[in-house]
Amino acid sequence: MFRLWLLLAGLCGLLASRPGFQNSLLQIVIPEKIQTNTNDSSEIEYEQISYIIPIDEKLYTVHLKQRYFLADNFMIYLYNQGSMNTYSSDIQTQCYYQGNIEGYPDSMVTLSTCSGLRGILQFENVSYGIEPLESAVEFQHVLYKLKNEDNDIAIFIDRSLKEQPMDDNIFISEKSEPAVPDLFPLYLEMHIVVDKTLYDYWGSDSMIVTNKVIEIVGLANSMFTQFKVTIVLSSLELWSDENKISTVGEADELLQKFLEWKQSYLNLRPHDIAYLLIYMDYPRYLGAVFPGTMCITRYSAGVALYPKEITLEAFAVIVTQMLALSLGISYDDPKKCQCSESTCIMNPEVVQSNGVKTFSSCSLRSFQNFISNVGVKCLQNKPQMQKKSPKPVCGNGRLEGNEICDCGTEAQCGPASCCDFRTCVLKDGAKCYKGLCCKDCQILQSGVECRPKAHPECDIAENCNGTSPECGPDITLINGLSCKNNKFICYDGDCHDLDARCESVFGKGSRNAPFACYEEIQSQSDRFGNCGRDRNNKYVFCGWRNLICGRLVCTYPTRKPFHQENGDVIYAFVRDSVCITVDYKLPRTVPDPLAVKNGSQCDIGRVCVNRECVESRIIKASAHVCSQQCSGHGVCDSRNKCHCSPGYKPPNCQIRSKGFSIFPEEDMGSIMERASGKTENTWLLGFLIALPILIVTTAIVLARKQLKKWFAKEEEFPSSESKSEGSTQTYASQSSSEGSTQTYASQTRSESSSQADTSKSKSEDSAEAYTSRSKSQDSTQTQSSSN
């Protein structure tokens with residue numbers, strides 16, 4: 001007979017209507033990676049790594065060691081319209097790490113490095129979450145403090161499967177136990193199922209859901225480390241379209257249903273225990289499991305309910321407690337059981353606490369008793385969890401192990417190679433064997449250009465530093481600087497002009513299509529018009545505001561059909577425009593050549609960023625604010641650091657340096673001109689104001705001289721008169737509903753003119769008229785001239 005234990009949610013705690021778990025103290029940080037591969041005998045690259053992570057303006061060094069808890073044959077089972085699909089090749093199994101924080105021996109860190117850093121940093125009594133900042137240009141991450149304000153979150157209750165009384169107690173004390181053997185490594189293989197509601201709650205994205213499950217398993221592993229138990233995630237099943245069993249009822253009822261389904265459908269999938277994760281807003285129980293039944297196939301299962309307003313850290317504790325129950329570990333008596341940390345894992349109040357958690361001595365004795373008396377043979381087989389690279393082979397063209405170079409076979413290397421094909425080390429006298437700054441086996445001198453500008457207005461040419469054969473990182477000017485006569489902005493080192501791009505793809509005369517064409521093609525959300533694919537390989541609709549930020553649509557200027565090898569062409573006749581786009585039939589892993597690039601103009605004052613049409617003023621303002629630190633003698637680059645004008649040097653371009661120049665002088669002039677448009681306008685305005693004043697002043701001086709001469713002559717010729725030529729200029733503009741007419745006339749006469757002069761121009765007078773008339777469907781322009 002077995003007893004069913006349930007994890008009961010406290011009414012005044014986790015399931016209260018107010019949020020209980022909160023993420024606070026949001027920080028944007030840039031972790032700095034430190035290479036520390038100290039294990040030279042290991043065949044696994046980057047087995048040990050370290051990061052410097054700023055928290056609250058203080059730097060912490062995190063030391064990590066690679067952990068393997070994903071099986072090499074790890075599979076994801078996903079459902080789409082009733083049919084099941086499997087995925088495995090896209091899952092990375094060697095980017096999960098655990099470790100601690102330097103100077104804090106009781107700390108615990110669990111991180112994934114697959115795509116940025118994602119995981120939890122736990123100090124003694126406080127925890128921080130970290131994850132990559134989406135759409136960030138640099139290695140920026142969001143760091144936040146995990147905070148829980150609830151009390152009495154959860155307690156365990158038990159239900160007997162039969163109505164017979166049971167002797168055992170839910171709590172155990174630290175009494176003397178019989179001698180048990182030392183612990184030895186055990187491997188618990190899990191098959192986890194995520195129901196439809198939790199799949200949707202986590203975003204309906206298979207990759208996001210997978211990462212969350214992996215993070216939960218990683219946190220559980222960090223807690224089971226002291227027992228030498230590795231929780232191996234052997235497979236993951238996502239009920240993405242519908243639940244395969246009813247999820248209505250209490251946790252114990254759901255467990256019975258899940259066991260029946262498990263026995264029918266999971267026989268061929270290797271696992272020691274199967275778990276069903278279900279989302280419920282406010283469940284009465286948080287889980288159900290049969291204690292002490294780990295290696296009994298009929299009962300090796302559990303159901304864990306994910307309630308509203310809970311963190312992954314807290315849910316990982318719930319899963320850990322349930323796994324511990326299956327391994328015969330009882331719930332602690334807080335009065336009698338102690339652990340090295342402030343809160344023990346099997347403590348009734350552990351879910352409401354933050355920071356590092358460990359098993360108590362009571363849990364250790366209970367676990368030792370279980371493996372000694374009951375046995376855990378099913379956990380003794382070690383699954384393959386790391387794909388070890390083969391031993392280095394010199395001459396295969398791949399850099400492996402301790403090889404300095406590997407150019408391939410003797411024929412492939414050739415006599416001019418800098419690498420010895422026999423030993424895979426550099427030849428005598430050689431300083432390098434490849435790289436943009438390596439020529440004739442020698443490192444090029446400092447200042448030699450190794451990477452020219454990709455765009456003359458938005459990129460920076462990189463030079464060799466004289467010590468490395470590599471060219472160094474590709475640095476561009478900061479996003480937001482104006483380019484192409486202030487029509488566009490620089491973004492990622494380029495000035496994206498959709499008209500020019502259309503012309504390069506579809507030929508001369510092609511232009512970016514009007515919005516109506518984008519609306520016609522992009523609204524279909526198919527292979528011709530979309531904003532990419534989601535994790536389920538479905539096309540994403542752009543949304544009305546973002547239609548131009550999906551795939552490029554152009555006008556087609558000729559009647560000759562456009563031919564694209566290995567591509568399908570679609571035309572759309574919208575109003576008076578012929579629109580065109582192409583699907584290149586490329587693999588999903590290859591970027592779409594017609595995807596609209598970041599920084600492309602999508603509306604007046606707006607540009608595309610990550611397939612969203614956003615205001616460009618924010619990007620421009622960011623560039624302006626950054627460049628203010630350059631003291632007016634430089635602009636910012638993509639690292640938010642100053643590149644200085646000739647004669648000034650970093651970091652703030654304040655100090656003069658004779659002969660120092662980051663940019664060529666002619667380039668820096670144009671850059672500064674674009675970066676300081678306000679300065680240019682100020683000079684122009686000053687010039688326009690000063691010019692009339694100068695003219696008037698000159699005229700007054702000349703007039704005074706002329707008057708002196710006139711009075712002098714008047715004494716001699718009192719009856720003489722002086723006449724001057726006069727001129728009249730008129731500009732007239734007249735508009736109506738049908739069109740507009742603009743006329744400019746100029747008259748010059750040999751005789752003096754006055755305000756009362758009413759004479760009209762004759763044959764010697766000239767007039768020019770320009771007439772423009774436009775209608776809804778056509779336009780006519782006429783220019784006439786008469787003499």
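Every residue gets a Cβ built from N, Cα and C, even glycine.
The annotation compositional bias 'Polar residues' is assigned in Swiss-Prot to 728-749.
Annotated domain 'Peptidase M12B' per Swiss-Prot: 186-383, in sequence order.
Per Swiss-Prot, the feature domain 'Disintegrin' maps to 391-479.
According to Swiss-Prot, the feature domain 'EGF-like' maps to 622-654. Helix, strand and coil counts under DSSP for the domain 'EGF-like' (622-654) come to 9 helix, 8 strand, 16 coil.
The annotation N-linked glycosylation site is assigned in Swiss-Prot to Asn39 (among others).
What Swiss-Prot lists as N-linked glycosylation site is Asn125 (among others). Counting every protein chain shown, the Cβ of Asn125 (N-linked glycosylation site) has 13 other Cβ atoms within 10 Å. Under the three-state DSSP scheme, Asn125 (N-linked glycosylation site) falls in the coil class.
As annotated by Swiss-Prot, N-linked glycosylation site applies to Asn465 (among others). Non-local neighbourhood of Asn465 (N-linked glycosylation site): Cys437, Ser446, Gly472, each in the same chain, at least six residues away, with C-beta under 8 Å from its C-beta.
Swiss-Prot lists Asn598 (among others) with the feature N-linked glycosylation site. Asn598 (N-linked glycosylation site) falls within neither a helix nor a strand when secondary structure is assigned with DSSP, and so counts as coil. Note on Asn598 (N-linked glycosylation site): other Cβ atoms within 10 Å of its Cβ, all shown chains, come to 21.
What Swiss-Prot lists as phosphoserine is Ser17.
Here Swiss-Prot flags 1-16 as signal peptide, drawing on experimental evidence.
Per Swiss-Prot, the feature topological domain 'Extracellular' maps to 175-682; the stated evidence is sequence analysis.
According to Swiss-Prot, the topological domain 'Cytoplasmic' annotation covers 704-787, on the basis of sequence analysis.
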Nearest-integer angstrom distance between the alpha carbons (Cα) of Asn125 (N-linked glycosylation site) and Asn598 (N-linked glycosylation site): 43
Average model confidence [pLDDT] within the domain 'EGF-like' (622-654): 87
Three-class DSSP secondary structure - Asn465 (N-linked glycosylation site): coil
